[in-house]
Amino acid sequence: MADDYPTMFHSEQMSLIQLYIPTEVAHDSTHELGELGNVQFKDLNPNVNPFQRSFVGEIRRTEDMARRIRFFTSQIEKEKDVIPVRPLYDSAPLVAVGPRAAQTIDELNVTLAEHETRLNQMNDSYKTLSERTRELVEARYVLRETAGFFEQAEGRHTEIRQSLDDSTAPLLQHDDRENQFSSSNVQFDLEFVAGTIDRARVPTFERVLWRVLRGNLYMNHIDIAEPFVDPSTGAETRKNVFIIFAHGDALLAKIRKISESMGATLYPIDSNADKRAESLREVTSRLEDLEVVLYNTGANRRSELLRIGENLSKWHDVVRKEKLIYETMNLFNYDARRKTLLAEGWCPTRDITTIQLALRHATEESGTSVVPILQELRTKKTPPTFNRTNKFTEGFQTIMDSYGIATYQEANPGLFAVVTFPFLFAVMFGDIGHGIIIAVAALYMILRERQWAKADLGEIVGQFFFGRYIILMMGIFSIYTGFMYNDIFSKALHLGHSGWDWPEGNVTGTITAVSNGHVYPFGLDPAWHEADNGLVFMNSYKMKMAVVLGVIHMTFALCMQVPNAIRFNRKTDIWTVFVPQMLFLQSIFGYLVICILYKWSIDWTKASTQPPSLLNMLISMVLSPGTIEPESQLYPGQGFVQVVLLLIAVVCVPWMLCTKPYLQWKELQKTHGQGYVGLGNDEDHAPLRASTDEHLEGEEEGNGRVIVEEADESEHHDFGEVVIHQVIHTIEFCLGCISHTASYLRLWALSLAHAQLSEVLWDMTMSKVEGLGGIIGIIAMIFVTVLWFVLTVAVLCIMEGLSAFLHAVRLHWVEANSKHYEGSGYVSAVPSFCLLAMYLC
Amino acid sequence: MEGLFFNVDNGFLEGIVRGYKAGILTQSHYSSLTQCETLEDFKTQLSATDYGNFLANEPSPISTTTIADKATQILVDQFNFIRSNAVEPLSKFLDYITYGYMIDNIVLLITGTLHERDTHELMERCHPLGVFDTMPALCVATNVEELYHSVLVETPLAPYFRDCLSAADLDDLNIEIVRNTVYKAYLEDFYDYCASLGGPTADVMQSTLAFEADRRTINITINSFDTDLSKEQRAKLFPAIGRLFPDGNNQLAKADEIEQVRVACENVTEYRAFFDTSISAQGNGGASNDYGGESGVAAMLEDRFFRQEVYLNKLAFLQQFQHGVFYSYMKLKEQEIRNLTWIAECIAQDARDRIQDFIPIF
C-alpha cells in the first residue's frame with residue numbers, strides 16, 4: 001500500500017514471514033530476534049502436547065536452573081543482614097550465544113548445582129547446629145527456672161508439713177518421728193518431669209494432663225523471654241518451661257508420652273541442687289563451644305551467599321532468556337530431514353531488513369556459514385495490529401486499546417487522543433492552581449522515571465506512574481482552560497484591566513457594574529467572579545461551549561471514516577455512509593452550533609428583540625417546521641433555512657438506510673450473473689493472485705509445514721444480515737446524534753461542579769480565618785491552610801480529577817469512537833527480552 | 001425464599017467454590033496426563049492446568065507422594081479460605097465436613113498407637129483438615145472410655161462417641177467397631193443437621209448422604225462375612241438413614257453371602273446395576289477361588305460406588321442456593337487427587353495397562 005513511512009495514524013504494516021533456520025543457528029537466531037522483539041511467532045504445532053515438543057528437555061533443564069536460582073533468591077532474602085545482589089547492568093554479561101553457548105549453559109548448570117549442594121549442606125549443618133544450640137539453650141532455661149520452682153516448693157513443703165504436724169501432734173503424739181523428720185534434711189521424694197513447650201499449646205497441654213491424670217499433678221510453668229528462631233523458615237516461636245510433679249511410674253510415663261506427642265521437649269533434671277548446678281555449668285560450657293562453631297558455619301554460609309549474590313541477577317537473566325528462547329523454538333517446526341527449523345510469524349514490514357541483519361549477525365556469531373532464509377508470504381489472513389508507541393504516546397494508546405484493539409491499518413484514534421483527551425479533561429477540570437498541582441506531580445514522576453521504572457510501585461501508584469505523560473498533558477491543558485475560566489483555586493486573576501467598573505463608595509443593596517470600554521485580553525473577565533449573576537452567566541457560557549466542542553469532536557470523529565474507507569478500498573462507503581451521516585449531523589447540530597456562535601456575536605442590548613432561546617428554537621424547528629415566532633427570531637429568513645435543513649436531515653435517513661444494502665445486492669447479482677460463486681466477491685484487491693500463490697507455496701513446502709491457513713474466513717454475504725445491520729446502524733446513528741450531543745453537556749456539568757466545589761472549599765476553610773489577627777490567627781491560618789491544601793489535593797485534584805478523567809474516557813470511547821471505530825483487531829504479542837528485562841529489574 | 005437471601009451471606013463463597021470447580025481436571029486433561037512417559041512430563045502437563053506451578057519448587061526426582069501431598073495441600077488451603085470466610089450456618093456445615101476427617105484421624109492414631117508406631121510419624125499422616133489441638137494426647141489412651149474422658153470430651157465429636165463407650169481394651173476389631181459406630185452417628189447427625197437447614201441444601205445433601213450411608217452399610221455387610229462379628233452387632237453399625245433403610249438394612253443384617261446382599265439391594269434401581277455385571281464377572285472368574293472372587297467383587301463394587309459418588313456430587317452443582325456444593329467440591333477434589341495419585345503411581349511403576357482405571361469427573 002501507498003505510504004511506507006510509519007505513522008501513528010495507522011497501525012504498522014505487517015508481513016507474514018517464514019524463516020528456514022538451520023538447527024545450528026536456531027538458538028542464536030532466536031536470541032537475536034528476541035533481543036529485537038518484533039516478530040510474533042505462530043504456533044506451528046498446535047496439536048502437539050506441551051511435553052512432546054522438540055525442546056522440552058532444554059526447557060526442563062532451564063526450569064531446574066530457575067528453581068535453583070529461586071532457591072538462592074529466597075535464601076538471600078531470608079538472610080537478616082542484607083546481602084547485596086549486584087544489579088544486572090553492573091555485572092559482566094554472560095555470553096550465552098555463539099559457538100560456546102551450549103558449553104556456557106552447561107557450565108552454568110554445573111555451577112548452580114554446585115552452589116546448591118554446598119548451600120544445602122551448609123544449611124543442613126547450620127540447622128543441626130542451631131537445633132543443638134536451641135536444645136542447650138532450652139536446657140539452660142529449664143535448669144535455671146526449675147531451680148526457682150524447687151526453691152519455692154521446698155519452702156512450701158516444709159511449711160505444709162510443719163503446719164500439718166502442728167495440728168496433728170497432740171493427737172498422734174509421735175514425737176520421735178517428728179524429731180526424726182525435722183532432723184533429717186528435707187529431701188524430695190516427689191518425681192517430676194521438666195521440659196519446654198510451645199507457649200500456644202500450654203493451655204491445651206494443661207487441660208489434657210489434668211483430665212488424663214484426674215488432677216493428680218502439680219504443674220508449674222514460666223515464660224522464656226526470648227523467642228526461638230527457626231533457622232530454615234525464620235519463624236519465631238515462644239516457649240515455656242514447665243515442670244510437672246506427679247507420683248507413680250505409670251503417671252510419669254503417661255506424662256512423658258503426652259508431652260512428647262504434644263511437641264514438648266523433655267530434659268533430665270536432677271532434684272539435687274548441686275547436681276543441677278553442675279549440669280548448668282556443663283550446659284553453659286557446651287553452649288559456648290557450639291556457639292563458636294555456629295558462628296563459623298554462619299559466616300561460611302554468608303560468604304557463600306555473598307558469592308552467589310554477585311552473579312545472581314546475571315544468571316537469572318540468562319536462564320530466563322534461555323527459557324524464552326526454547327519456548328519460542330517449541331513453536332517452530334522441523335522439516336522432513338530435521339536439519340532446519342521452520343518458523344512462521346508476523347513482523348512489521350519495514351523491519352524485515354533489520355530482521356535479516358539480525359539473522360546474519362547471529363550466523364556470524366555462531367561461526368557457521370549457513371544463513372537462515374527469510375521469506376515473505378502472501379496471505380489473506382488479517383495481520384495483528386501493532387502500534388509503535390513511545391513512552392509518551394503509550395498511555396494514550398492504552399486508553400484506546402482498552403476500548404478495543406484497532407482493526408489492522410484502521411485510523412487510530414490513539415493518535416488524536418494525545419490532544420483531545422487532555423483537552424476534554426481540562427474543560428471539566430479548568431483551574432490554574434489545580435492544573436499546576438497535577439502538572440507538577442506528573443513532572444516529578446517524569447523526572448524520577450529512571451528510578452521508578454525499575455521499582456515495584458504497587459498497583460495504584462504504578463497506574464499513576466504509567467499515565468504520567470497523560471497527567472502532565474492534562475495538567476498543562478488544565479492550566480490553559482483555567483486561564484480561560486480565570487479560575488485559580490476558585491479565585492480570579494487580574495491580569496489586565498477589567499472591562500467592568502464597580503461603582504465607588506458604600507452602597508447598600510444591589511450595585512451594577514458599568515462597562516468601561518475595555519475588553520479583558522484573555523479569558524473570562526474577573527469582574528464576573530464577584531457578580532451575583534456570575535453563575536448564570538457561567539452556566540450559559542459553559543453549556544453552549546460544551547455543545548460547540550461536542551459537535552466539533554463528533555464531526556471530527558465522523559471524518560475518520562474517510563481515511564478508513566480509502567484504506568480498505570470501500571469508496572462507496574463515503575457516499576452511502578459518511579456523506580449522509582455528516583449531512584444529518586450538520587443540518588441539525590451543526591446548525592445549532594452556528595446559531596450559538598451567531599447569538600454570541602450580537603450585542604443584544606442594542607437589538608430590538610429579546611435574545612431567543614436556542615433550545616426552543618431547535619425543538620420548534622422539528623415540531624413546527626417553517627413557523628417562527630417574530631419575537632424569537634434570530635435572523636431574517638430563518639424559517640426557510642430551517643425547513644431546508646430539516647428536509648436534508650429527513651432525506652439522509654432513507655439514504656443511509658437503503659443505498660448500501662442496495663449496492664451490495666447489485667454487486668451480488670453481478671457476480672452471480674458472471675457465474676462466480678462466493679470466492680471472488682471479497683474486497684481484497686488481488687484475490688485471485690493471492691490465493692493461487694498461497695496454493696503454490698503450500699505445494700512447494702510439502703510436509704514440512706502444517707497448514708498455515710486453516711480455512712479462509714468464508715466471505716459469504718448474507719443479504720438479510722446486511723440489511724439488518726444497516727437498519728440498526730442507521731437507527732443507532734440518528735438517535736446517537738441526539739443523545740451524544742446531550743452527553744457532551746457533561747463537560748459543562750463537571751466543570752461547574754468543579755468550580756463550585758473549589759469555591760465551597762475556600763469559603764469553608766480559608767475565608768473563615770482570613771480576618772483573624774494575633775497569635776491565634778496565625779496558628780489558625782497555618783492549620784487551616786494545611787487542611788485546605790490537603791483537601792484540595794485529595795478531593796479536588798485526585799477525586800475530581802479521576803471523575804473528570806472517567807468522563808473524558810467515556811466521551812472518547814462512546815461519543816467519538818462509535819462514529820468510526822471498528823476495533824476488531826487483535827493485539828500483536830511478541831516474545832521480547834526488553835519486556836522481560838523490564839520485569840526483571 | 002431461601003434464594004432471596006442466600007447470596008447475602010454465601011454468594012461470594014458459592015461463587016468461589018464454583019470457580020474452583022471449573023478448575024477440576026477434565027477428560028481431555030486426563031487423556032494427556034495418561035500419555036506422559038515420566039513424572040517430569042506429568043509435572044509439565046499439570047502445570048498447564050489449574051494446579052499451576054505447585055510443583056515448581058520441588059527438586060527434580062519427584063515422588064508420587066509429593067504430588068499427592070501438594071495437591072492435598074492446595075485443597076486444604078482452598079477449604080481453609082472458604083472456612084475462614086464463612087458465617088453461620090455455612091460455617092457449621094463446613095465444620096461438619098471436617099468431622100469426617102477427624103474421625104479418620106482418631107482411628108488412624110489409635111490404631112497406630114496400638115501397633116506401636118511413632119506418634120510423630122502418625123501425626124504427619126493425619127489429614128490436615130481433621131487436626132485438632134488435643135489430638136496428640138490420643139496416643140496414651142488404652143480403651144475407649146479413657147479416650148473419651150481424656151481427650152474427646154471437649155471435641156465436637158464427643159456426642160458420637162457416647163454410644164460406644166466401653167472399658168474394653170482396644171484391639172483391631174474393637175477399633176473398627178468404634179469407627180463404624182462413630183461414623184454412623186456422625187452421618188446421622190450430619191443428615192439431621194442438613195434436614196434442619198431445609199430447602200435445597202436438605203434435598204441435595206440428603207441424597208448424597210443417603211448414598212454414603214448405603215455404601216457403608218453394604219461395605220460393612222460384605223466385610224463382616226467370615227469374621228467373628230455377630231449379626232446383632234453388625235446391625236447396630238448400620239446408619240439409620242439411606243435408601244436401604246429400614247427394609248434393606250434388615251435384610252443385610254441377616255445376609256451371609258454376597259448373593260443375599262444383591263437381593264437386598266434389588267429394591268433400589270440404581271444399586272441393582274452395581275451387582276448385575278459384577279455377578280457375571282464373578283461367574284467368569286470361576287467358583288474355584290471363592291474368596292478371591294468375593295474380594296474382586298468388593299473391589300469392583302468399590303469402584304462403582306466411587307463412580308456413583310462422583311455422579312451424585314456432580315448433580316449437586318446443578319442446584320443453586322445450597323451448601324451441598326461445598327461438600328461435593330471436597331469430595332470431587334478428593335477423587336481427583338486419588339486419580340492423580342493413581343496415574344502418577346502407574347507412570348512411576350510402569351503399569352501402563354492399568355492407567356485408565358481412574359474415575360473421570362468431567
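Glycine is no exception: its Cβ is also placed from the backbone N, Cα and C atoms.
Nobody curates TrEMBL annotations by hand; they come from automatic prediction.
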- [ ] Write down the single range among A:105-132, A:301-328, A:385-412 that appears in TrEMBL as coiled coil.
- [x] A:105-132
TODO: Residue list, the transmembrane segment (A:774-803) vs rest of chain: Cβ under 8 Å, 6 or more residues beyond ends.
DONE: 429, 431, 433-434, 437-438, 474, 489, 750, 753-754, 757-758, 761-762, 765-766, 768
Open item on the list: Below 8 angstroms Cβ to Cβ, which residues of this chain, lying six or more residues outside the transmembrane segment (A:545-562), approach it?
Closed with: 411, 413, 416, 420, 424, 427, 573-574, 577-578, 581-582, 585-586, 589-590, 592-593, 596-597, 737, 740-741, 743-748, 811, 815-817, 819-821
Task: Residue numbers, six or more beyond the limits of the transmembrane segment (A:639-658), whose CB comes under 8 Å of its CB atoms - done: 576-577, 580-581, 583-584, 587-588, 591, 621-622, 625-628, 726-727, 729-730, 733-734
Task: Averaged pLDDT, computed only over the residues in the coiled coil (A:105-132) - done: 87
